[in-house]
Amino acid sequence: MPTVDDILEHIGEFNFFQKQTFFLLCLISAAFTPIYVGIVFLGFTPDHRCRSPGVAELSRRCGWSLAEELNYTVPGPGPEGQCLRYEVDWNQSTLGCLDPLASLATNGSPLPLGPCEQGWVYDTPGSSIVTEFNLVCADSWMLDLFQSAVNVGFFIGSMSIGYIADRFGRKLCLLITILINASSGVLMAISPNYTWMLIFRLIQGLVSKAGWLIGYILITEFVGLRYRRTVGIFYQVAFTIGLLVLAGVAYVLPHWRWLQFTVTLPNFCFLLYYWCVPESPRWLISQNKNAKALKIIKHIAKKNGKPLPGSLQSLRPDEEVGEKLNPSFLDLVRTPQIRKHTLILMYNWFTSSVLYQGLIMHMGLAGSNIYLDFFYSALVEFPAAFLIILTIDRIGRRYPWAVSNMVAGAACLVSVFIPEDLHWLRVTAACLGRMGITMAYEMVCLVNAELYPTFIRNLGVLVCSSMCDIGGILTPFLVYRLTDIWHELPLVVFAVVGLIAGGLVLLLPETKGKTLPETIEEAENMQRSGKNKEKMIYIEVKKLDTPLN
């Protein structure tokens, strides 16, 4: 009996139907961008200072420029000037226009400072959740929590989506996640306070990444085996296109509520996929729903303009296993080589998430043109994808993966020592770092599945990739809190983490040209096989040099 892959060879592995479905699902990938990295614009923190009643009137009466007003009325630059104010009644008429505080200081002692009891003044024409809910100074940790909440949702949703999609089907789960994501996104945009906004963002996290993963699963199940890796990479390229669009939309709409509305509303259009995207025939066959699967396969053949041979109208699953093995978490650490693979992969998933999200967040704190910097750094993700396609089947996986991690780490380290006035050089280093970590991110997705035997492959990918969301939970605190100590300190941490990740990758076996391991023994021998082969050739040469008696 033929498998779905056998049938696709006759009716088209990547023809009109697959291209149409690929385009539709790529829109979901692009729409995931504002949820994953939207914090850069939604949570933008502009320059700010304490609101002091009477300062505006005094400044107007004296004809001060903004620089003069700050010089006379703000304690100083940095956190002191942003979170503290002079405890002075600025409405008193005795204050002069030239150094008004000089007459109030007695015996040269400094004036007392107090907290910002009247709120803050923000130097921005737009708004963000920071400016609306005053997430600065003592409450700045609430911005970290906002981004961590969406990553907590990613973690829970990713852990459960595999079971749900296998139990209830890809299409139903996709539509439900789209509906919940769109609804919670709109509700977040009209949230009356921080608490409700946080709750709806968490809900978005629970379903948005799950929907993105279902889209990834669907498109790889619709295409033939030869195209599966390529469509997987370009599905992630669609995410990069979403980054470029997000930068443009955020520039046009600098107010966070309108931005949130605008990037959320297109998700309701994806509900039309009920009529456009069919259920996966592979899933239907696995559920013994062969008649429905055959109906969809005939639909694919008709769309592709190819006939379905009568001999191929009986179906069987792509994988048939005789003895059913129950995977266990212990299988990931029980044997030495698989244990090593698991620990290195977990660290690399963690590193990829921390550096990718961390570099984007740190860029938002740089104080330059955030829209252009975001746009330029997103552009370099395109060559990253093409470099992967060019190298993985020529050079292999291990060396490009290791180099990409090291380039990302080195770029972060170099950025620390580049002066602020060399902005173009800082942007160049940031783009190199972004390109490196993008390659590393896509490589770990690819290689993770190639290092585990069949019966624990899904479990291995699930457990290791969960570290990606753990990294996302920690990254906001890492970036925003370390920046308070020293602006470049996060880059030093990223450099160390990235360089270590690159070194660890070299300890993994090369998987280029190797069949996927089926058993624990095959996975354990992946690295030894090359060494044993070299030894065997050496011994054979020695035997040939020995004269016969």
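From the backbone N, Cα and C atoms, a Cβ is placed for every residue, glycine too.
For 98-513, the entry in TrEMBL reads domain 'Major facilitator superfamily (MFS) profile'.
If you look up TrEMBL, you'll see 21-44 (among others) marked as transmembrane segment.
Per TrEMBL, the feature transmembrane segment maps to 145-165 (among others).
Taken from TrEMBL, the feature transmembrane segment applies to 172-190 (among others).
According to TrEMBL, the feature transmembrane segment maps to 196-219 (among others). Remote same-chain residues near the transmembrane segment (196-219) are listed as 18, 21-22, 25, 28-29, 32, 35-36, 129, 133, 145-146, 149-154, 156-158, 160-161, 164-165, 170-171, 173-174, 176-178, 180-181, 184-185, 187-188, 231-232, 235, 277, 280, 469 (criterion: CB distance under 8 Å, separation of at least six residues from the stretch ends).
The transmembrane segment annotation in TrEMBL covers 231-252 (among others).
Among the features that TrEMBL reports, transmembrane segment is placed at 258-277 (among others). Beyond the transmembrane segment (258-277), the same-chain residues lying 6 or more positions past its ends with a Cβ under 8 Å from any Cβ of the stretch are 21, 24-25, 27-28, 31, 34, 38, 41-42, 171, 174-175, 178-179, 181-182, 185-186, 188-189, 218, 246, 249-250.
What TrEMBL lists as transmembrane segment is 344-364 (among others). With a cut-off of 8 Å between Cβ atoms, the residues of this chain six or more beyond the transmembrane segment (344-364) that come close are 36-37, 39-41, 43-45, 147, 370, 373-374, 377, 405, 408-409, 412, 430, 433-434, 437-438, 440-441, 444, 447-448, 451, 460, 463-472, 474-476, 478-480, 483, 490-491, 494, 497-498, 500-501, 504-505, 507-508.
With a cut-off of 8 Å between Cβ atoms, the residues of this chain six or more beyond the transmembrane segment (370-392) that come close are 40-41, 44, 230, 233-234, 236-237, 240, 243-244, 246-248, 250-251, 359-360, 363-364, 400, 404, 427, 430-432, 434-436, 438-439, 442-443, 446, 512. Here TrEMBL flags 370-392 (among others) as transmembrane segment.
The transmembrane segment annotation in TrEMBL covers 399-418 (among others).
Sequence-distant contacts of the transmembrane segment (424-447), counting only residues of its own chain at least 6 positions beyond either end whose CB sits under 8 Å from a CB of the stretch, comprise 229, 232-233, 236, 240, 345, 348-349, 351-353, 355-356, 359, 363, 366, 373, 376-381, 383-385, 387-388, 392, 397, 400-401, 403-409, 411-412, 414-415, 418, 465, 494, 498, 501, 508, 511. Residues or ranges marked as transmembrane segment in TrEMBL: 424-447 (among others).
Residues of the same chain lying 6 or more positions beyond the ends of the transmembrane segment (459-479) and with a Cβ under 8 Å from any Cβ of it are 39, 141, 143-148, 150-152, 154-155, 158-159, 162, 209, 327, 329, 331-332, 342, 345-347, 349-354, 357-358, 361-362, 365, 445, 448-449, 451-452, 490, 493. The transmembrane segment annotation in TrEMBL covers 459-479 (among others).
The transmembrane segment annotation in TrEMBL covers 491-508 (among others). Sequence-distant contacts of the transmembrane segment (491-508) (same chain, six or more residues past either end, CB-CB distance under 8 Å): 340-341, 344, 347-348, 351-352, 354-355, 358-359, 362, 398, 401-406, 408-410, 412-413, 415-416, 433, 436-437, 440, 447, 451, 478, 482, 527.
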Task = Take the transmembrane segment (145-165) and find every residue of the same chain, 6 or more past its ends, with a Cβ under 8 Å from one of its Cβ atoms.
result = 35, 39, 43, 129, 135, 173, 197-198, 201-210, 213-214, 217, 283, 361, 458, 462, 465-466, 468-470, 472-477
Ask   = Out of 21-44, 231-252, 399-418, which stretch touches the transmembrane segment (172-190) the most, going by CB pairs under 8 Å?
value = 21-44
Ask   = Taking a Cβ cut-off under 8 Å, which residues six or more beyond the ends of the transmembrane segment (21-44) line up next to it in the same chain?
value = 124, 128-130, 135, 143, 146-147, 150, 174, 178, 181, 185, 204-205, 208-209, 211-212, 215-216, 218-219, 222-223, 231, 234-236, 238-239, 241-243, 245-246, 250, 256, 259-260, 263-264, 266-267, 270, 273, 276-277, 357, 360-361, 363-364, 370, 374, 476
Inquiry  = What residues elsewhere in the chain lie close to the transmembrane segment (399-418), defined as a C-beta under 8 angstroms and at least 6 residues from its ends?
reply    = 348, 351, 355, 359, 384, 387-388, 391-392, 425-426, 429-430, 432-437, 439-440, 443-444, 447, 488, 491-492, 494-503, 505-506
